[in-house]
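Student: Positions annotated as [4Fe-4S] cluster binding site by TrEMBL: Cys68, Cys72, Cys75. The S-adenosyl-L-methionine binding site annotation in TrEMBL covers Phe74, Glu180. Marked as domain 'Radical SAM core' by TrEMBL: 54-290.
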Amino acid sequence: MAGGISLDTIANKVENGDRLSLDEGVYLYQDDVPLNEVAALANLVRERKNGNFGYYNINTHLNATNICVYRCNFCAFRADLREPRGYVMSDEQIVARGQEAVDNGCTEMHIVGGLHHQKKYEWYVNCLRILHDAFPTLHLKGWTAVEINWFEFLTKKPVEEVLTDLLDAGLGSMPGGGAEIFHREVRDQICEHKANSNKWFEVHGTAHKLGIKTNATMLYGHIENAFHRIDHLIRLREQQDLTGGFQTFIPLAFHPDNTKLAAMRNLKKPSVLMDLRTMAISRLMLDNFDHIKAYWIMLGIETAQTALAYGADDIDGTVRHELIYHDAGATTPEVLSVEDIRRLISETGREPVERDTLYRRVERDPANPSAWSVGEQVAVGG
Ligand code: V47
Ligand code: SF4
């Protein structure tokens with residue numbers, strides 16, 4: 001027990017639906033606070049909000065370039081212009097990726113990449129436009145707050161105008177990347193040049209005001225401590241109170257291979273116990289987020305499955321063409337079949353539910369599984 005905080009007082013608050021404080025969040029990170037009990041509390045909240053559902057979607061990734069002006073030292077994906085591994089996709093390759101997605105029944109394309117200093121704003125907008133024109137039912141979840149901030153710099157337009165342009169070109173929603181760790185003590189050491197936390201929140205707040213749903217992430221397991229993580233979650237919770245447009249929180253475990261950060265600080269991957277504790281604490285702190293995602297590509301299949309009992313209700317999608325984690329040493333498969341992903345969820349005792357990006361049920365004709373239609377919004381409890 002520290003400063004009047006105990007697992008019992010926290011359990012009472014969770015059972016009553018009361019909000020946990022910063023000190024309580026930090027307390028839950030102590031090794032001697034039994035993880036199974038933290039998990040049971042997170043599971044209570046998870047089942048209150050999402051019952052027994054385990055969500056997944058059928059999706060693909062598009063990283064149109066890996067050339068990036070920034071040098072985040074945790075990133076193994078970026079390349080310089082002259083490096084042999086640097087690439088930029090042509091319009092034809094981008095559209096071919098869309099065609100492949102549609103042929104495989106994807107409902108969503110997740111689009112992020114490097115910030116290529118020789119590409120104009122129009123090139124990025126055009127990526128969305130050519131995909132949306134050719135495949136209007138494919139939901140484009142694209143560009144992080146860091147990219148929007150780069151577009152702001154390129155065009156000198158305010159965030160709202162940039163987002164309006166992107167909506168006009170076919171943007172459906174925004175992923176949660178670029179959040180990393182908001183606290184300056186850490187952010188200044190891992191990605192000091194890119195959008196700061198105020199900008200990240202300004203972009204998401206503006207998106208929410210325009211009706212664009214967004215996600216949020218946290219990159220953990222490197223040089224941050226429990227205080228930085230809980231501070232990060234509380235900032236997200238406060239933004240959600242204000243603008244309400246976050247759908248899903250995704251804790252991202254640091255993958256050290258091929259990164260400067262790991263070499264400089266001799267860092268290893270966070271342990272499975274750390275992954276599960278972070279999942280559970282995220283569920284407990286973010287009382288106003290409907291969904292917590294266990295991103296299987298990053299966690300590994302076994303941990304993602306386990307996480308469905310530690311607060312997570314979603315394991316992301318079948319995922320094709322993921323690069324960011326595979327460049328940083330992920331050994332997960334490149335893609336999962338629908339059968340595999342459904343089995344992975346059923347094995348945990350949960351009911352697999354295919355959702356679209358906006359958490360509506362997806363209905364498929366068994367005779368023609370690449371054709372689909374959108375059903376009801378999945379019900380989310382308190
Ligand atoms: O912001 C980069 C992270 C993020 C590494 O919204 C790394 O549904 C660990 O945001 N080790 C981009 N993490 C990916 C992202 C995402 C992923 C899945 C789903 C969603 C969603 C969003 O990837 C970056 C950064 O935090 N990242 N390098 C690394 N070596
Ligand atoms: Fe560039 Fe994104 Fe990698 Fe940072 S994380 S170096 S912004 S690609």
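Keep in mind that glycine also has a Cβ here, set from the backbone N, Cα and C atoms.
Keep in mind it's a predicted model, so treat the numbers as computed, not measured.
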Student: Neighbourhood of the [4Fe-4S] cluster site (Cys68, Cys72, Cys75): other residues with Cβ within 8 Å of the Cβ centroid, in order?
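Tutor: Near the [4Fe-4S] cluster site, beyond Cys68, Cys72, Cys75, sit Tyr70, Arg71, Phe74, Phe77, Arg78, Gly114, Cys191, Lys194.
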Student: Including all protein chains shown, what's the count of other C-beta atoms within 10 A of the C-beta of Phe74 (S-adenosyl-L-methionine binding site)?
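Tutor: For Phe74 (S-adenosyl-L-methionine binding site), the 10 Å Cβ neighbour count is 21.
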Student: Hey, what's the Cβ neighbour count for Cys75 ([4Fe-4S] cluster binding site) at 10 Å?
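Tutor: Its Cβ shell of radius 10 Å holds 23 other Cβ atoms.
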Student: Specify the count of other C-beta atoms within 10 Å of the C-beta of Cys72 ([4Fe-4S] cluster binding site).
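Tutor: Around the Cβ of Cys72 ([4Fe-4S] cluster binding site), 21 other Cβ atoms lie within 10 Å.
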Student: Using Cβ-Cβ distances, find the residues under 8 Å from Glu180 (S-adenosyl-L-methionine binding site) that belong to the same chain and are at least 6 apart in sequence, listing them in sequence order.
Tutor: Cys72, Phe74, Val186, Arg187, Ile190, Cys191, Thr217, Met218, Leu219
Student: Kindly state the mean pLDDT of the domain 'Radical SAM core' (54-290) in the predicted structure.
Tutor: 97
Student: Do any of the binding-site residues Cys68, Cys72, Phe74, Cys75, Glu180 touch ligand 2, in the sense that the CB is under 6 Å from one of its atoms?
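Tutor: The qualifying binding-site residues are Cys68, Cys72, Cys75.
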Student: Under 6 Å from ligand 1 by C-beta, which of these binding-site residues make it: Cys68, Cys72, Phe74, Cys75, Glu180? Sequence order, please.
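Tutor: Only Phe74, Cys75, Glu180 meet the Cβ criterion.
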Student: Would you mind checking how many other C-beta atoms are within 10 angstroms of the C-beta on Cys68 ([4Fe-4S] cluster binding site)?
Tutor: 22
